[in-house]
């Protein structure tokens, strides 16, 4: 009989530990021989640092890629997507097609974004083109809505820059980088409230790219009705959907936690907008997720000991266009409601079934192609090997989320095009 998997974690969450114990795995310390380490992003940095000089053996796997930040840091994600667009343009790919105003027809899925302080002059130029716009500033390396604020005047950003420079604890050399993005001020509202989507995406390998979408994502709602009014720019209960912020609101509901399941959203949209339009929206969401992964795949350290479950944040505007806002390397495993706890327990269970075949001691040399029976609530979102195989187009087109891309005779209202191939 094979030995038991030895596990370590530095994240004390019951949804993790219960899953390990259910499998009969054995807990050890990080200084002992371990097979599976569910670690924080800080720890992964140390494990793969040159100074650590640590080499993982074939029977060890971890839950982050070494340079996951190429996707999960807001500034690097945007940089990689911009590079990806340029490369496709250079290749003459139809995906990089632009309209008469120079806007990408298909790859325009991230709001206009600049890095600060590096791109300050470029930002000012853009700001002056549409001075009535609202922009959202976010620190590159923080999560849960920390350090975010909205601006609609250049004087506000000048004040921020001045305050940052004169701050006694922030030197100019290591001043925290921010991104500033055009704020989506026409979000789709339900019950007058803004919401976003949190979707879970598992990547088992980047080269070839193989990723899975979790079917049980959810919507996070603001507790206060949305208004684009400048008087409410500082009210984060109106603008930010993060549970870490909304749970402090007077109207926060501790029973449902201000959340809807994705399937409820789908039913709502089918009844209010129609089935075809709703299917097109979800196809497009799936498509932009795959494009974001393709954008970072060339620069990602595709270490065979790694897999990663990302939390994708998507906002839908009132024209039913989805926007990729950010990607989280460590989506929260804290449970805000009973349903939340069940969802996250099942998410970890299904993730482990794919990452650790049969719950046996890992062998990082396996082909990372689990049988369909173990996918649970995951479904294959994209499989590069399959996409490049003979007859793959027909196979892929028959799957949910695999049908976006250029086509003849599109119109702006009929949806932003349907792809005939994923190659």
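The backbone N, Cα and C atoms fix where each Cβ goes, and this holds for glycine too.
Remember, predicted model here, so these are calculated numbers, not experimental data.
Features as listed in Swiss-Prot:
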- 1-367: domain 'TTL' (DOMAIN)
- 138, 144, 145, 181, 182, 183, 184, 194, 195, 196, 241, 242: ATP binding site (BINDING)
- 144: protein binding site (BINDING)
- 220, 259, 344: L-glutamate binding site (BINDING)
- 313, 326: Mg(2+) 1 binding site (BINDING)
- 326, 328: Mg(2+) 2 binding site (BINDING)
- 391-423: region 'Disordered' (REGION)
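Sequence features annotated in Swiss-Prot and their locations in the structure.
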residue : record                   : Cβ contacts under 8 Å, 6 or more apart
138     : ATP binding site         : 74, 147, 148, 178, 179, 180, 181, 326
182     : ATP binding site         : 111, 112, 113, 133, 134, 135, 136
184     : ATP binding site         : 111, 315, 317, 323
313     : Mg(2+) 1 binding site    : 196, 197, 198, 324, 325, 326, 327, 328
344     : L-glutamate binding site : 15, 333, 335
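Taking CA atoms as the reference points, residue 220 (L-glutamate binding site) and residue 195 (ATP binding site) are 5 Å apart. For the pair residue 259 (L-glutamate binding site) and residue 195 (ATP binding site), the C-alpha distance works out to 9 angstrom.
In the structure as shown, the Cβ atom of residue 195 (ATP binding site) sits within 10 Å of 22 other Cβ atoms. Cβ-based neighbour count (10 Å, all protein chains) for residue 328 (Mg(2+) 2 binding site) stands at 19.
Take the CB of residue 259 (L-glutamate binding site) and look out to 10 A: across all protein chains shown you find 21 other CB atoms. Residues 220, 259, 344 are recorded as binding L-glutamate; their most distant pair of Cα atoms lies 15 Å apart.
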